[in-house]
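A short worksheet on the structure shown next.
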């Protein structure tokens, strides 16, 4: 099946999230994933977060592999947290949001039935078997 990647910033996240992850939308059978990441530097195409730079290729590889082996499409909403000072602010919207309560990036969340069904934090997001467990969790 296919992987649809959608990028969002703090400013436009809610519009993308509401469209792609509506609570009553689970019937269409898509695997819905949120990936919270550090912003990229335009000149290097790398993020300011070393963990994100290591984990991203692993996550994309495992998501693509899962989509090929499933009969479901995958939606991957990549949410960029901002620059380092913005992310470090304890009042960052995604740190405070009870749906996410982010403590680090990258964070991968599988979304089902209007809530986080599986989650992988920054300390394990680079491990292929852990990514597989989140991506392939039964819904």
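Each Cβ is built from the backbone N, Cα and C atoms, and glycine gets one as well.
Here's what Swiss-Prot has on this protein:
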type: ACT_SITE; residues: 49; note: active site, nucleophile
type: ACT_SITE; residues: 52; note: active site, nucleophile
type: DISULFID; residues: 49-52; note: disulfide bond
type: DOMAIN; residues: 1-136; note: domain 'Thioredoxin'
Among 49, 52 [active-site residues], residue with fewest other Cβ within 10 Å: 49
Three-state composition of the domain 'Thioredoxin' (1-136), taking helix and strand from DSSP: 51 helix, 35 strand, 50 coil
Segment confidence, the domain 'Thioredoxin' (1-136), expressed as mean pLDDT: 92
